[in-house]
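Presented below is the structure to which this report refers.
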């Protein structure tokens, strides 16, 4: 059975999309530690129109992070389909990993978003705040289900309020969290 084409947000205002987003829920990924909390993404517009991506997560009180670059998959298209390039492992940038970042839903005020990609193996529920209203969350989950995602795989991400300050936390400089998550530990 062929799945229908995913609906993607059109005419994304990239400047309004910049800033910090908190991960409310996601599909578990080998690129993130399983016991990570306070996971968040911060997007900053670069002068060349690309986006600097900083993904942070906290494991056992230590801050792990990875940086990358996002750019439009097709500059001629009005669809919010981006590519994100990270270097793996983060502490030894050798291998570029490029993934899809499709904005499937975004409210008019740019306060919450649903992010997926064509394989439907990855899904993120993001919010400008550390907590999301249950009604909104359920609407986003239903939207993902309608787009063919197996929403039973969604895992809620613990967020503390107020969120930790990134620079104050001890850093996981060895990238151990990345190795552990890759090995499924």
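Each residue, glycine too, has its Cβ placed from N, Cα and C.
All annotation found in TrEMBL is predicted automatically rather than curated by experts.
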So which range, 131-151, 152-172, gets flagged region 'Disordered' in TrEMBL? 152-172
Can you give me the average pLDDT across the domain 'Lipocalin/cytosolic fatty-acid binding' (12-159), rounded to a whole number? 92
Per DSSP, how many helix, strand and coil residues does the domain 'Lipocalin/cytosolic fatty-acid binding' (12-159) have? 20 helix, 70 strand, 58 coil
